[in-house]
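**Student:** According to TrEMBL, the record shows the following:
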DOMAIN    3-167  domain 'EngA-type G'
BINDING   9-16, 56-60, 119-122  GTP 1 binding site
DOMAIN    174-349  domain 'EngA-type G'
BINDING   180-187, 227-231, 292-295  GTP 2 binding site
Amino acid sequence: MSNIIAIVGRPNVGKSTLFNRLTESRKAIVDDYSGVTRDRHYGVAEWTNRQFTVIDTGGYVANSEDVFETAIREQVLIAIEEATVLLFMVDVTTGITDLDDEIAQILRRSKKPVFVVVNKVDNNDLHNDATEFYRFGLGEIYNISSMTGSGTGDLLDEVIKHFEDIPEEESNLPKLTIVGRPNVGKSSLINALMGKDRNIVTPIAGTTRDSIHIHYNQYGHEFMFIDTAGLRKKTKVKENIEFYSVMRTIKALEEADVVLLMIDAVEGLESQDVNIFHLAEKNKKGIVILVNKWDLIEKNNKTIQEFEDQIRNKIAPFTDVPIIFISVLNKQRIFKAVEEALAVYKNRSKKIPTSKLNDVLLPIIENNPPPSIKGKYIKIKYITQINASSPMFAFFCNLPQYIKDPYKRFIENKLREHFDFQGVPIQIYFRQK
Ligand code: GDP
Ligand code: GDP
């Protein structure tokens, strides 16, 4: 995976409309979150079974005239460095503007693939007008209508040809990464855990060149830390710290097996953190939440419970996630954080034998069958875990199309109750037998 499509372009060309179209078509299939956060500018999308991350760069530019052009210029530079493919979006109804020309000039120096996407080509008459955009000298143009979706399939067919496959890593060690907003204490934790061994750093070639893998082997635990936060690239990042750190987070997250999402106890879980949480969840990564700087909190015997409740409320419905209260400063529970992450790794690689699954779940299902629909009874016959990198279960039944989300959730809860999948997203499919 680890393929990122960045949509760049000046305001109002339709970037966020395309972003929503790409990420929500998938959402309709697999996503049943109740409280999706609206201020989300990156998300997971899928085309012909290839999963990738899309980022709408427009969400990260301050909307005031004076910072505008520098911010966009800088953003395009970051996208050139960090993304796999860039979509340069322009608007057929306005034609080429000065800012389009400026962006094109930067993009011509990109070594990454750039696709000129001419948006708002809502009808055939507009195809002629679109030819003007060949003038950029950026190769083929792709006419689309983000509003209706026309042309987006042809575009994606071409785009995915440029995806990179992550080279198989030689080591089978668990890969952990610490993500979170700036200043929550991520590097402090790595330093505290590594002690003087911090210099055992192995940069990896190929697509993963932007991250360093730190080999940890102490106190009976061995794993890899994927670290990108510590790296600062040549690009001058001034206006776009958040955009830059989001790109970095996406990459680290996609390489990892388990994500340690660190938050600041004083600030609590903010919407950005929730976005990262959902991204990890959609990527089927193991998740541990670390509440750091616990030393700064005045506590009584209810404080931990209140914190936990608040956090679980915000990340619902996937709440079966360990939450650890730590203080890197006082070295409080930092090894527990590691142990918990490794336990989640184990849960994620767990394989339940088919006989055991059926012995445990079939009687439960018998007592609580899916509600019948239009007089038709749904009969679940057997269950098996599918071989995949994260837990995935197939329930074979006569009428899979009649099984609704509440029943899926009931089944998921039973799986969690009986087979400890703490920290791990579970996928459940109902299939025709
Ligand atoms: P952004 O600033 O680049 O993210 O642009 P938006 O996605 O917010 O879109 C700007 C405006 O263009 C909105 O009013 C959209 O409804 C409209 N728009 C987006 N895509 C299309 C399209 O394919 N056709 C038409 N006619 N309008 C579109
Ligand atoms: P990063 O940006 O997430 O890597 O955060 P840093 O590791 O650079 O830490 C940011 C600041 O928080 C530094 O001043 C740290 O000393 C401080 N800090 C980190 N952990 C703790 C903690 O547990 N308690 C307190 N009080 N401060 C901490």
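From the backbone N, Cα and C atoms, a Cβ is placed for every residue, glycine too.
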**Student:** Filter the candidate list Asn12, Lys15, Lys186 of binding-site residues, keeping only entries whose CB is under 6 Å from an atom of ligand 2.
**Tutor:** Lys186
**Student:** So for Gly9 (GTP 1 binding site), how many other CB atoms are inside 10 Å of its CB?
**Tutor:** 26
**Student:** Looking at the binding-site residues listed here (Gly9, Asn12, Thr57, Val121), whose Cα lies nearest to that of Asn183 (GTP 2 binding site)?
**Tutor:** Thr57
**Student:** Cα distance, Val121 (GTP 1 binding site) to Lys186 (GTP 2 binding site), nearest Å?
**Tutor:** 45
**Student:** Distance check, please: Cα of Val121 (GTP 1 binding site) against Cα of Gly180 (GTP 2 binding site), rounded to an integer number of angstrom.
**Tutor:** 39
**Student:** Checking proximity to ligand 1 here: which binding-site residues out of Asn12, Lys15, Thr57, Asn183, Lys186, Trp294 have their Cβ closer than 6 Å to it?
**Tutor:** Asn12, Lys15
**Student:** Which residues, sitting 6 or more apart from Trp294 (GTP 2 binding site) on the same chain, put a CB under 8 Å from its CB?
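**Tutor:** Ala265, Phe325, Ile326, Ser327, Gln332 - these are the non-local Cβ neighbours of Trp294 (GTP 2 binding site), listed in sequence order.
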**Student:** What is the Cβ neighbour count of Lys186 (GTP 2 binding site) at a 10 Å cut-off, with all protein chains included?
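**Tutor:** Total other Cβ atoms inside 10 Å, all chains included: 22.
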**Student:** Sorry to bug you, but what's the C-alpha spacing from Lys15 (GTP 1 binding site) to Gly180 (GTP 2 binding site), rounded to the closest Å?
**Tutor:** 26
**Student:** For the domain 'EngA-type G' (3-167), what's the mean pLDDT in this predicted model?
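**Tutor:** Within the domain 'EngA-type G' (3-167), the model's average pLDDT equals 84.
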